[in-house]
C-alpha cells in the first residue's frame with residue numbers, strides 16, 4: 001500500500017489529537033485542550049469547574065469559592081482551589 005504525504009499527515013493529526021485529549025476525572029465540565037509553552041498539554045483551566053460550580057483551578061490569580069484557597073498541588077503541578085477547612 002502506497003501512502004501519500006497527505007495521508008500520512010492526516011493520520012498523524014488524528015493520532016496527535018487523540019493523544020491530547022484531557023482525561024475526564026470527576027469534574028463536571030471539561031475544558032478545551034491547547035498546546036502551551038514548552039509543548040506541554042494544558043487545559044483551559046479557567047473554564048473547568050467542579051460539580052458545585054466552584055473553579056477547580058486558579059490560574060492568573062482567579063478567586064476561589066468560599067472555604068477554598070489557591071494552593072500549589074505538587075501531584076498535578078498546578079494551582080488548585082483546595083479546601084482550607
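Each Cβ is built from the backbone N, Cα and C atoms, and glycine gets one as well.
The following features are taken from Swiss-Prot:
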| type | residues | note |
| --- | --- | --- |
| SIGNAL | 1-20 | signal peptide |
| DISULFID | 54-65 | disulfide bond |
| DISULFID | 58-70 | disulfide bond |
| DISULFID | 64-81 | disulfide bond |
Q: Do me a favour and check the Cα-Cα span between residue 58 (disulfide bond) and residue 81 (disulfide bond); whole Å is fine.
A: 6
Q | Cα distance (Å, whole number) from residue 70 (disulfide bond) to residue 64 (disulfide bond) | A | 7
Q: Drop a 10 Å sphere on every Cβ of the disulfide-bonded residues 64, 70 and tell me which sphere holds the fewest other Cβ atoms.
A: 70
